[in-house]
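Visitor: Dumping the structure here so I can ask a few things about it.
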Amino acid sequence: MTRPLTPPPSQVSSASPSSLPVHHSPRTTSSTGPPSTAVGHQRHNGFERPFSRDQLISWIGHSVSAVCFFLGALSLCLCCTGQGNGPDNTDTSRRRNSCKSMLTVTVVAVAVHIVNSTVLVASWRVCETIDPAIHADPSTSWWSSRLSGPRWAKTRYCAVCRKTVPGMDHHCTWLQTCIGRANYVQFFTVACTGTVQFGLQVAYAVACLWWLYAHPMMPDAAVFGYVAKASCILCAVLSLPCMFMYVVLVGFHLWLMVLGYGTYEWMLRRRQEQRAKVEARKMAQQAARDNATRAPRSSSRTRPVVTIDARSTHAGITVTDVRCQERERELTTL
């Protein structure tokens with residue numbers, strides 16, 4: 001049998017406290033040592049993995065809806081080209097004029113979409129690649145935009161990205177990055193151009209479907225008409241909910257500009273108001289319970305005293321309230 005070796009008592013008593021091993025908690029770090037990595041990886045921009053589900057949905061929604069828009073516009077142009085063929089008569093000339101008008105609308109819609117998409121992609125790329133934790137330099141600001149005021153002077157901590165962000169407004173799950181003073185202008189540009197994109201796609205898809213319904217297809221353009229209908233229907237289905245979401249987003253941030261504070265502070269104030277309402281409701285319920293329990297006690301304390309006068313021939317009953325003043329005082333308090 002083996003026994004564990006123990007040092008002599010002299011060695012144990014002479015050992016200094018500094019020589020003994022000290023086990024530190026993994027959550028605490030020394031002020032002079034390097035920062036702890038127990039909190040996790042710090043995200044610097046939106047293109048760092050892992051990508052969020054909302055981020056992937058936004059990429060797919062923008063791309064697929066734009067492809068459907070351009071495919072529907074191209075099919076409609078080919079359909080209008082086939083519609084103009086035929087003998088020279090009143091119906092043919094009317095059809096040609098209608099096709100020219102629809103071609104003009106298509107060219108304008110495609111041109112606006114291309115310009116808007118260029119601004120959208122440029123602002124989205126800058127918003128995703130920039131590190132919002134770095135202080136925004138006014139000399140290198142985007143489009144010479146400067147954000148000033150108490151709203152942008154506060155520095156807050158983002159628990160998702162695990163860093164402090166100057167002028168933090170919120171953490172956007174659709175971009176998977178923090179929105180602060182350094183990239184808020186790009187974020188708002190993305191919101192505005194996204195609203196224009198999906199609004200344009202919905203309006204053009206509805207106009208195309210109405211035009212295709214009002215003008216029957218010629219046999220040589222029937223295939224392009226079916227492709228245009230399918231593309232416009234899919235484009236409208238994808239773009240309509242996205243348009244409403246963008247409209248709400250832009251309207252909300254415009255309202256925050258009027259109020260003078262950001263999303264984070266708005267959420268804090270809303271939470272405080274909800275807590276105040278809950279506390280008021282609890283106090284009202286507690287007061288109702290106290291009143292319900294106080295009523296039986298007061299009734300038991302104020303039982304009437306019944307006395308019978310036996311001196312008279314008739315039994316006379318006298319009811320006397322013992323604590324009438326106390327009951328009146330309680331009713332006045334309630």
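A Cβ is built for glycine as well, from the same backbone N, Cα and C atoms used for every other residue.
Pasting the relevant annotations from TrEMBL:
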- 1-10: compositional bias 'Pro residues' (COMPBIAS)
- 1-45: region 'Disordered' (REGION)
- 11-37: compositional bias 'Low complexity' (COMPBIAS)
- 56-81: transmembrane segment (TRANSMEM)
- 102-124: transmembrane segment (TRANSMEM)
- 152-267: domain 'Palmitoyltransferase DHHC' (DOMAIN)
- 184-214: transmembrane segment (TRANSMEM)
- 221-240: transmembrane segment (TRANSMEM)
- 246-267: transmembrane segment (TRANSMEM)
Visitor: Looking only at residues six or more beyond either end of the transmembrane segment (102-124), which have a C-beta under 8 A from one in the stretch?
Guide: 62, 66, 69-70, 73, 76-77, 80, 142, 175, 186-187, 189-190, 193-194, 196-197, 200-201, 204, 207-208, 211
Visitor: Please give the sequence-distant neighbours of the transmembrane segment (184-214): residues at least 6 beyond its ends with Cβ less than 8 Å from one of its Cβ atoms.
Guide: 62, 65-66, 68-69, 72-73, 76, 79, 98, 102, 105-106, 109, 112-113, 116-117, 119-120, 123-124, 126-127, 130, 141-143, 145, 147, 152, 167, 169, 172, 175, 225, 228-229, 232-233, 235-236, 239-240, 242-243, 246-247, 249-250, 253
Visitor: Over the span of the domain 'Palmitoyltransferase DHHC' (152-267), count residues by DSSP class, listing helix, strand and coil in order.
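Guide: Its residues fall into 79 helix, 14 strand, 23 coil.
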Visitor: Can you check how the pLDDT averages out over the domain 'Palmitoyltransferase DHHC' (152-267)?
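Guide: Computed over the domain 'Palmitoyltransferase DHHC' (152-267), the mean pLDDT is 91 on the 0 to 100 scale.
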